[in-house]
Structures are given as structure tokens and as C-alpha cells.
Amino acid sequence: MESGAEPVRKKVKLMEKDASTNGYHEGTTDEDNEMHIDEPSSPERADHEIPVAGSSDQWEAGNILALSPEGSSVASREEHDEDIMEDAPQTQSTPVIDCPGRSTLEDLKWKTPTTSLPPVEPSPDHFVFYKLPWENKAPEPRSAPFDFHQSSIKLPYCNRSVWQRVEEALRSRINNGRELIEIIRKCSGRNLDCNLLLELLHGRRQASFMEEETERLFADVIPKIQQLALKLPELVKQPIPILNPGQSISLSQLQVASLLANAFFCTFASRKRNVNHMPDINFQGLYYLPRGDQSHVESNMQKLQCLFSYFRKIDLELGEPNGVVTFHRREVQDSPQWNESTKPIKRLHISRTGTIEDDGTYMLQMDFANKYLGGGVLGQGCVQEEIRFAICPELIAGCLFSKVMLEKEAIIICGAQQFCKYDGYGSSFQWESNFNDVTPRDSSGRLCVSVVALDAIPFYGRKSRQYEVGNMDRELNKAFAGFMVDEGAESIPVATGNWGCGVFGGDPKLKSVLQLLAASECGRDLVYFTFRDKSLIEPLYDLHSLFLQKEATVGEVYRNLMEYKPSNENVLSYLKRKILKNVPITKYIKGCARLDESEGKNMKSEAQSEERVSEQTDAQLKHKGRFLSAI
């Protein structure tokens, strides 16, 4: 998003990457034999301005597609610019009943800035680290007694000898990269490999960082990070718990900055995923220069630049930024009885060129996550999740207190601010410039940005297993955990895309249906970004139109879906065929025109045989103009 009067967010692109490359998101394993992060299929970057929430403008081509209103007889589609717009054409020769056209922003639930979590209130399961109420200024830190029944993070200052070593090191002036590395080693108590950091500041790749920027870095930014790290005992005055299911943590942005400053100097105790079941928080993985494959060296340097942009914007004296970030760990104990659900299918918006972060304003934005929050953001990864965490570094703080996600768990983060603009993806990722985020805040001081982290099952090498009932149920329950609406929160739409696809081997057609069912069960509309995948737009809109025409329920679609077996017929065609044979002849279709009686009988006769309602039959029906969409 450009800074200025009409900001446009730079978007986290979801692109399919070459599986032969290394890194957390390319299907490789780390030393703990953990698979790292899936990635969606590939779009080209498209920067769009989106209508301001609350205005009366309609969705424009190039942004979100117009919705198919619930209960309507559904509209035909025409290709307009780079998107497909769903309209209900009206003709003089046929009667038109209850067939509204394209919806405006006034019809959309998310026109008012909001977040996906209820207001901040202290409770036994909500740890608030600052004094309430929030009054549009940096809140004062809050003290609280230690709870011996709650596992907590050992902060660096809890060990007196460690903190004395850290204080002594951080009070030294740092003039260059070599001195910086020496201070990092003293703070960590380990002889860390920081050659990539040295290469960034003084090596042959220094040009990518800009020589004049290096001088400013040591004059202004590094001293600020030192000061932030030393302020930890004053800013965080109570133990930070390891989040259990159902618990939340709310921190001021300055408290988050102090924690991340300590992570920059690697003052936290080191972790191993296979032992602690938690991601590391120290930045040491960004400082390491591999001897072999160096495909991720440049992207790690760019991630460091994003972090420097972040620290540059922190001002302790002015108390800026002055907001709040909430982290919530949600677990679903009792999953829905999917086969018995009578919930209606909710509205669907499809965009070929939009992106989650740019066009998902005031929506619940999907993070195609690793089960370890953040994935490879502090290592070699640089795809959807890592890029989002790099440009919104406050998300990284969740790595400090979040254990590996379990089967029915999700992590929701509200209020994380964007601090820089970027370009590229993977090894081509580049920091572009600093960024001024003007997103409004809610009553609790959180930016109206809601991110939900959901990890999908990796199916690489065994793609057929994703159609097994148990695996489809797992993905449904995982999505349900993320999409649930908390009491006191708004049911804002979900902005998502090809979750768990790319190298993880997920089928976008299947994943789109699963997410639609989960969102509908939660009462949320779904905004789906296909990232220029034309092959998904038409079939998905066709199927959704049939769902609305037939007034299908979540349970009905689920029961049909569970009978699907991998074959030459994809899952969308299969579901369409199953739905078509039960379409009543009295429905209004293709511009809400009623079928005449004789032709309707022929239609019904065709639909009674599954074998006859085939792709060839669909093409004939399209030619006759009988059905609501371009079937």
C-alpha cells in the first residue's frame, strides 16, 4: 500500500514455486525433520486500489468480484477487464423474479472497520500486559503476580547473571558490523555464525543495502534497538505465558518492540523444535551464511531490511506506535456434525487478480501457515507466510509463546501493523521502502487487521490421500477452528485462496469447497483469490450458483463430497453432476427465466440419469441457455 492520502497495500503474493529449490516452503526438511510451509499457486503481482470501506461505490473490475446474493436465482457472468463479474441480465421476453444485480459496498458486511476478536478485557484466559482503558496513546505497562499453574517464557532479565551480561554488552557503542556481531555473540553467550549480517553491512552485497543507509543504521537504528532491548524489564512487568488453547495475550506495540529487540540480539534461550515444540524467536537464523546453496541469501538480507524499517519507526520518547496487538490461540473441542448441518451456503466472491492482503481489507485474512507459527521467517523461507511476517514484524512476537498447532487449533492475530513495502517473491523478494500504515484502530487500540494462521496437511507424493474422508474432515475442522466467530465479534468475511496447494500437493478445487463449507458453517461469506487461475473461476462459480439455486445446505454438500473418489472427473464437476440431477424444473435460471412446461420435462428427464448429465450434456444445456451460469 502506498503511503499518502489514498494508500494501496503491497500484497503478499501467493505463487507456486519450483519444488527443486531449497527452503522451508519448497518441501524440504530441516534438522528436526519438520516439513516447512505450503505455498499457493502463482499470480502475477497486481496493485489495485480498493473502495474505502463504508462508501457507496461498487466493487470494481480488477478488485473483488460482485457477490451472488443468498436466495437469488443467480446471475450470468461476463468477463470484464481481468475479473469475472456476476450479474443478473434481464430481458423483456421473459419474466424476471427476485434476481438482484451486482451488489454495492453498502450490501457488504465488512464496510465498517472491525477486527475478528472481541474487545480486550482481562480474564483468567486473557493476559493483558498494559493498563486499561486504551486512550489513543501508548498504554502503561501492567504488573501481575506469577501464576505457578501457567507455564511461562523465561525472559532474559529473569536470570540475573545473564541480564548483567546483556546490559553490559548493550550499553557499548556499536560503530560497524563487526562490533554489532560481537555484541550479538556476547548477548547470546554463544559464538554465533553471523556472516550473512556482515556480508549485508560490509560485504560485496552491501550495494543492495545502500552505503548511505549503513551509516544511518549505526547512527540511529542500532542504538534504538539497543535501547528497546534494555527497556524490557520496564515494559514487560509480568511473566509471559505459553498460550494454552482458548487463551489470549494482548501486548502494547512498544512491548512487542522490546521483545523483538531482544530477539534481534539473541538474548532468549535457544530452542529446538523437536524438544520444545515451539519455534525459535531469536534472529540468529537470519544471520547465518550457508556454505553450499545460497539461493536464500539475498531474500534473507531483504528480510533484515524489513526489520530495520520496523525498528526505525519505533519511538520510545514519543510512545509510537501507540496501539495494541492481540494473539489468540483457538481450539475446537467439538467439531460440527457436518453431515447433519442445515446451515445454508454463504455468499462467494471470486477474484482472479486480487490478493488477500490488498483486497481483504477488514476481512479475516488467511495465513497459509506452518504448524510452527511463522514458518521460516527467521530462517530460509520467503513465501506467503514469511513475507507477511517480514512486512508486519509484530506477527513474529507470536513465535515467542506459541507451541506447535494441533489438529483442531488456529492462531488469530489482530492489530499487526505493516511497516514496509516490498516486491518479488521467494528468492526475488525485495524490500522497497518504508511504509506508513493508516489502517484505523478498533476501540481496544488494535489496527483493524485480522490474520488467521492455519496449517494444512502436506500431501506431496501422495496427493490421492487428500480425498480420504478422514483427511477432508481434518481440513474442514481446521478451517472451522480458524473461521469461528467469537462471542462479541463480527462475522467478517474470510479472505483466502489456494490453501495448502503448491508443493504441499493440495487440490485447489477441493480446498475451495472445503473452505466454503467451513465458512458457511460459521456464518461467514468467503472471498476467494484464484491468483489468475482461470481454470478455477468458472467451475467454482458454476457450482456455487447451483448451490444457491438448489438452496443446498452444508450437510447436503458434505454428504455428496464424502462420496467422491479420485478419477478423471474433478471434484467440482462431480459435485455439479450430483446437484444437477435434483434441480427442480420450477427454478428460475439463466436470467431468472422460467422454463416452459414441455422443455422443463425434458430437462427433468435428462437430470434423472447421472450418466446422461455429463460434460456433453452440460455443453448442450449451455447452448440452449437453460442454466443459470456458463455451464
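Cβ coordinates are placed from backbone N, Cα and C, and glycine is handled just like the others.
Per TrEMBL, the feature region 'Disordered' maps to 1-102 (among others).
Per TrEMBL, the feature compositional bias 'Basic and acidic residues' maps to 7-19 (among others).
Residues or ranges marked as compositional bias 'Basic and acidic residues' by TrEMBL: 34-50 (among others).
Residues annotated as domain 'PARG helical' in TrEMBL: 211-329.
Residues or ranges marked as domain 'PARG catalytic Macro' by TrEMBL: 336-536.
The DSSP secondary structure for D367 (active site) is strand. What TrEMBL lists as active site is D367 (among others).
Among the features that TrEMBL reports, substrate binding site is placed at N370, Q384, Y425. DSSP classifies Y425 (substrate binding site) as coil under the three-state reduction.
Other Cβ atoms within 10 Å of the Cβ of E385 (active site), summed over all protein chains shown, number 30. What TrEMBL records for E385 (among others) is active site.
Summarising the annotation, TrEMBL assigns active site to E386 (among others).
Residues or ranges marked as compositional bias 'Basic and acidic residues' by TrEMBL: 600-615 (among others).
According to TrEMBL, the feature region 'Disordered' maps to 600-631 (among others).
Annotation comment: TrEMBL describes 622-631 as compositional bias 'Basic residues'.
Each residue contributes its Cα atom, and for D367 (active site) and E385 (active site) these two points are 6 Å apart. Maximum intra-site Cα distance, substrate binding residues N370, Q384, Y425: 18 Å. Regional average pLDDT for the domain 'PARG catalytic Macro' (336-536) in the model is 93. Distance from the CA of Y425 (substrate binding site) to the CA of E386 (active site) is 10 Å. All protein chains considered, the CB of N370 (substrate binding site) has 27 other CB atoms within 10 Å.
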